[in-house]
Every structure is written in structure tokens, then in C-alpha cells.
Amino acid sequence: MKKISLPKIGIRPVIDGRRMGVRESLEEQTMNMAKATAALLTEKLRHACGAAVECVISDTCIAGMAEAAACEEKFSSQNVGLTITVTPCWCYGSETIDMDPTRPKAIWGFNGTERPGAVYLAAALAAHSQKGIPAFSIYGHDVQDADDTSIPADVEEKLLRFARAGLAVASMKGKSYLSLGGVSMGIAGSIVDHNFFESWLGMKVQAVDMTELRRRIDQKIYDEAELEMALAWADKNFRYGEDENNKQYQRNAEQSRAVLRESLLMAMCIRDMMQGNSKLTDIGRVEESLGYNAIAAGFQGQRHWTDQYPNGDTAEAILNSSFDWNGVREPFVVATENDSLNGVAMLMGHQLTGTAQVFADVRTYWSPEAIERVTGHKLDGLAEHGIIHLINSGSAALDGSCKQRDSEGNPTMKPHWEISQQEADACLAATEWCPAIHEYFRGGGYSSRFLTEGGVPFTMTRVNIIKGLGPVLQIAEGWSVELPKDVHDILNKRTNSTWPTTWFAPRLTGKGPFTDVYSVMANWGANHGVLTIGHVGADFITLASMLRIPVCMHNVEETKVYRPSAWAAHGMDIEGQDYRACQNYGPLYKR
């Protein structure tokens, strides 16, 4: 099959159409703004898959309806998924704007005195607001000279934030969520809401029973040579932790090998179901070779699978990581327990950053007093106000050990295109694989166990659906925390010490849900959350506004909150504006 092309960014230079001197004097400056914008975006951004971002510039400057239509025809033929309109001057507002109702759009009006770029910006945004097609405003803080071709830092920040979020919107559109199984243990996020995916994300849901995974394994609908490669890789790289099961439930070497083999097969088959695998045509499995065009997936597992077959922990952890037996590659998005709403938060984080995402239970709030009582240790530094224990048996990406390093040598999680094989090996070396606890997983399996290094900035997110309101997004920026080993051991052994742990300290504001760490835990909307590397809450906020998903909780500085200009007309409190605007405009792909 022909590979689906990646979305491009359309650049629309608009101009004052009056000939006999006005337009002619502005052509070069206007087109240079478009070229400078395209150069910035192609230099600074990549798609989540690692491919270079492409920009498509209108063949001519746009002065009115005819040239706007010609530009639209070009964009439609080149898979443009978002647009940025640029101008240094007055132009004719509603005649020149991008009217596509679902394509994210921004307008950069040059802040100069010679020509009124700001006046066009205001006029065009007024037209967008009146027509119900929200657009983002970009206007530099400081006046520039007419011949200044540089892009100021504040303008650059908005251009990049808009483009990152817009590319995420465009990349999700038309893809599918693979729901492998049904509802896991009554977890609401695994009650997959087709309307949410269709109306807010522009995605389909592909529902497949877990017997399809069983069929593929039993009927050998996979690449047998790759399975041998995967087993050899695991033999070389896997370190095994203690078996905490009672003697009667411990497996011998032959049984353990069978569990490992099936766990790796699950990873291969889930991957093939998501994206397809042309090698399956070689064994006569053309239909299965196509996959389901899934950009994200979830695996129910518990309990209808895990009561008799190996659990999904190994498969999910490997798929969500940035590497496997084939080397470093783009991480997949696979949600434990088919928690589709946590899967969407993972998908957002991956699309915005290109990095692996850490899926976790938001398990326990530990107050400073409670930790001192049970360990004798007094918390300090980032942890002084208490910490949240993030831990789950399943799909935490191994990148979450933070054994990768940034340019200054600090622990981090990198976009996959920046990860070296040595860093991938370091993450594997920091991970132990512990036999699954029989009481939870009667069919066996292996859980990854690692401890996230401390002092790393993270953003924790979660999507929830509220009846009568729709989807909402929660955001909590903070840091991982490193505890003394003896303190970690005491706390970890009070829960399940065979699972991966991140000790998380959210940044507090002293207000609302961020009054203290307890309040963050108390206001979290579900049992799961996602960690994305960096303090990227502002990007999540911009993305959510494009999709019309209100943010019900965040600790991002107000100066970094960037939403469409029409939000300002929905009241004076910016979070109330968000709710009213999202309700007014409705989901991006209204159904």
C-alpha cells in the first residue's frame, strides 16, 4: 500500500491588493515573511515520527478571493493540515482569511509603523470570530523596522507552539484507536467512547476482540525470523528480578521461556495490528498485513486474558519504549487496561514531543509527616511538601528510567531521533524483569522494574469525560524526585516492589488544586496519568483549545497560556473563557 503522506504547514502571505504602487512596494517584504516563517518551522520542528516538517507557501501573495482560492487549491492537493497567515501591512480581512473550519490557523501581523500589520491582524481576527472559525493571534511585543527580517523571540515561541499543536491535530485526524478487548475491571477509560474520538479528534475506533491476538499467535501470523531475533535480544539484554510468588506458583525454566516467548509475540502482533507488516504477505496473510491504521492502541488484558495467558506488561513496555530488537525507533502508544482516555493523553504527549510516554497509576500521596513516620526521613528540596507515587505493572516506557542524557549531561527522555544505541542499552540495563504476581496475573508474565532518576522536569496529564460536559484535560507540571535508597525501599515494599516507580512532586501555586500536593492527588480525575518529559503544559493547553477540550486543572504560568483570540470574548477569567468557548464552538469535528 502507498504510505499516507504527513501533514504539511501552509504559509499564506497576504497583501494590500491596490496596484499602481501599494502592492508592488510590499510584495518582496510580504513573501520574505512567509519564507522566514517556513525556514524557522522546518529548522526547529520535526514530526513525531522524526521526519522533517515541510511547509507549502502560496504561489503568490493573497490580496483577495481569487488568490485565496488558488492558494486553497494548492494546499488541498498537498495535504496541508494547518495554516499560518503572515503580513506586514493592511489587507482585506474576510476576503483573505483561511475559511477551512477544521484546520488550525494562526495569523502573524508584523508589528511595524510603516504599514499597519496590526490593523489587518485585528480585522482578520474579527472576521474569524464573527464567522465562528477561531484563529490564533501572533503579534510581536516590540515594534520592528520595516527592513528587519528577524523573527523576535516572542513571535518565534508562538509560531512554534502553534505549529507543534497544529501538527498534532493534523496527524491524529483520519487515524484510528485500536481497542484490543473491552472494558478492563470496570475502568471507565476502557469504556471506549466512539463519539469522543470521532467528534473531538477526527479519529475512528477499531474494536477487535482479544481472540484476534490469540489467533495470530496460535496460527503463526507473524514473522518467525523476527521472533528469533527478539528472543536473542531479550537473552542478551534482559536482567531478571526476584520471583515473589509462593513456591507452588513459581515457573521452571521451560515454563518461563514459554512466557517470555509469548510476551514478545504479543508485542510483535499488537504492533502488526496497529501499523501493518508487509512481511505477512510472504506467508499469504495479505489482509492481516494491512493493519488498522492505528496511531494509538489499548489492550484490555485483565482479566479475561491475564487469568490464563501472559499479561501485556512486557509487550506494552517494549512497544511504548523508543527501542527494541530492531534498534532505536519511534515509540508506539499502547494503553494498559485499554484505558483509551489515558491513551489519548499519551498520544498528545508523543505528538507534541516525539518522546516516549510513561503510563502510570496515580497510586499514593505520601505526606512529609507520613514518610517521616514510617522511614524516619525528613523530605527536603523538590519533595519537601510531599510526593505522589506513580507506579503501574504495565506500559511504562523504559525510557522513563531517564538514563538518556541531554546536552548538559542531565537525565532526560529524548525524542527518538536523538537517542543513541548506548542510551537505549543504558535504559535496558537499568530495568529488571520480575515474574508477574500470581494473585494478579494467573497466566504469568513479566513486569518491568526501574526507578526514575530524580530532578527531571515532567508534565503529568489525563483526559476525562464528564457526562453533560464532554472531555476535559488535566495538567500538572512538576519533577521526579530521588529518595535515599533505604527510604525508597521501605516505601516501595509497602505496595508492589516488582513494578516501575516514579516519585513525582508537582509544582505548587498555593491556590485551588495546586494548594498542596494532597490537593493535586485529590483533584486528579482518574486512577491513571501520563508523564511527558519537560514542562510542556503550555503546548497541551494550546492543543486542547484547538480540539475544543477545556482544561479543568493546570499549573502553567498565565503568560504562557496560548489559545485562539476569540476566547477573550468569552469572559474575563481565562479558565472560564476556555469552558465557555469550548462549549460555544463545540468539538472540532462536530458530529
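Here the Cβ of each residue, glycine as well, is placed from N, Cα and C on the backbone.
Per Swiss-Prot, the Mn(2+) site holds E337, H528; the candidate it also names there, chosen from D307, D313, D361, is D361. Rounded to a whole number, the C-alpha distance linking D361 (active site, proton acceptor) with E337 (active site, proton acceptor) is 11 angstrom. A straight line from the CA of H528 (Mn(2+) binding site) to the CA of E337 (active site, proton acceptor) spans 10 Å.
In terms of local Cβ density within 10 Å, E337 ranks first among the active-site residues E337, D361. For H528 (Mn(2+) binding site), the number of other Cβ atoms no farther than 10 Å from its own Cβ, over all displayed protein chains, is 26. Same-chain residues that are not part of E337, D361, H528 yet have a Cβ within 8 Å of the Cβ center of the Mn(2+) site turn out to be I187, G189, T336, D339, N342, F359, A360, N392, G394, A526, N527.
Secondary structure at E337 (active site, proton acceptor), taken from DSSP and collapsed to helix, strand or coil, is coil.
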